[in-house]
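*Asks:* Dropping a structure here in structure tokens format, bear with me for questions.
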Amino acid sequence: MSALDVIIMAAGKGTRMKSRIPKVLQRLAGRPLLGHVLDQARGLQARRAVVVTGHGAAEVEPFIARAADGLDVRCVRQEPQLGTGHAVQQAVPALQGDGTVIVLSGDVPLTRTDTLRALVAAGGGGQLALLTVTLPDPAGYGRIVRGSDGAVRGIVEHKDATEAQRAIDEVYSGIMAVPAGLLAGWLARLTNDNAQGEYYLTDIVAMAVADGVPVVAHRIADALQVAGVNSPLQLAELERAHQLAQARALMEQGVRLADPARFDLRDDARTGVRGELACGQDVEIDVNCIFSGRVELGEGVRIGAHCCIANARIAAGAVVHPYTHIDGEQPAGVQVGEGALVGPFARLRPGAQLGREVHIGNFVEVKNSSLAEGAKANHLAYLGDATVGERVNYGAGSITANYDGANKHRTVIEADVHVGSNCVLVAPVTIGAGGTVGGGSTITKSTPAGALSVARGKQVTKENWQRPAKLPKA
């Protein structure tokens, strides 16, 4: 492939989104639309990407700087916005001036890299190549006008099209590959003599024909690849179509999804970590589960309904029961050991590390804590900044008090400890191996191995106790 530069159109206001967030920063699968398009440029190994900004540039340009990730990206402003041709005019001075220029739309997120490579190849370096698609309802799109010989003669925008032209179902996707050496000359000849009073980039097609430059249309069948976003409804429809495509790809690998229409795989919106789900054999995922960031499910893992799992590695044979939240952060993420049972209604926060056959039950929260093989916290408990040994049984209603108002402190619970119900372990504290903490105790000092520790008020019982009577209402 010859030298390739990319222009990304990202100046539009997106009025129909009815949002103060610029359209190109609206999220699809957890990633801004423009982030998907920058990925396309990166996948093409573009020499340079020039992003044309305008509306919301103060928000869009910092995002571009964060998302560049090794790509040579330049931003140019289009002020005022006078059409697509005018936008490309602003970008030309930032190009290298040779090779091929491919024009992408910042709100068309799902074009495949191999499709774009095929478009560039169709242009052959010296031709103008258009990416087109046939739509059952082409309203709003520019129509591809062909001559009697089938050759492309031009593109007519929907608002300027005649009734006969509006009947054409082959449309221009907004993506083209242009010989860099010809682009500036064509742009200089653009006029705004049209219904919109704008400078249309599509007018260069007729100029190419007039100049004897071949125009080729690379037509694809998959309309999803060139679908743009102009409204919340379109964004939601594209999200569902994209998620269904991801679900089908997983099922083709052998993953068992209870309902592929109720599955989501997203980027981690907090950190930008790309959504990736790797599954071993015989993995089962129930309905309405959301995966974000990097998640790995080992062989035979079962995920119950309505779980949210981010940045986690779940080892073979583990079961995550319904309504569980696993909220890891890279690089380490949350670790769940082989054969572990988690949930329902459990929460594993960053730094949670569960060993083999650990049980974390309903309404148990674990943060920045490790639990060794066979440890159990089955009911209504909190473990924060704790190291829990093998075979520990941690009772219902018990918590580690890890924060003194300024600093966090660790609790160590050694192997074979039994912690009764409704206990408070005030860190820093160590419960020695084989020890027992009596129910209802507040432990503030470390205890030796094998000891029974009880720290609670003495019970007082008053027989024949009379409860206070309610006062009469005034």
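Using N, Cα and C of the backbone, Cβ positions are placed for all residues, glycine too.
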*Asks:* Check Swiss-Prot: it lists N402, Y403, S421, G439, R456 as binding acetyl-CoA. Then name which of A396, A415, A433 it lists for that same site.
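*Replies:* Among the candidates, Swiss-Prot records only A396 at this acetyl-CoA site.
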*Asks:* Write out how many residues of the region 'Linker' (233-253) are helix, how many strand and how many coil, based on DSSP.
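*Replies:* With helix first, then strand, then coil, the region 'Linker' (233-253) has 20 helix, 0 strand, 1 coil.
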*Asks:* At the Cα level, what's the spacing in Å between R456 (acetyl-CoA binding site) and S105 (UDP-N-acetyl-alpha-D-glucosamine binding site), rounded?
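*Replies:* Pair distance, Cα basis, whole Å: 67 Å.
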*Asks:* If you measure C-alpha to C-alpha, which of N230, H379, A396 (recorded positions) come within 10 angstroms of K23 (UDP-N-acetyl-alpha-D-glucosamine binding site)?
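*Replies:* Of everything listed, what lies within 10 Å of K23 (UDP-N-acetyl-alpha-D-glucosamine binding site) (Cα to Cα) is N230.
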*Asks:* Among the recorded positions G83, S105, E157, H379, Y382, which ones place their C-alpha within 10 angstroms of the C-alpha of A396 (acetyl-CoA binding site)?
*Replies:* H379, Y382
*Asks:* For D107, E157, listed as binding-site residues, tell me which one has the smallest number of other Cβ atoms within 10 Å.
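*Replies:* Checked D107, E157; of these binding-site residues, fewest Cβ neighbours within 10 Å: E157.
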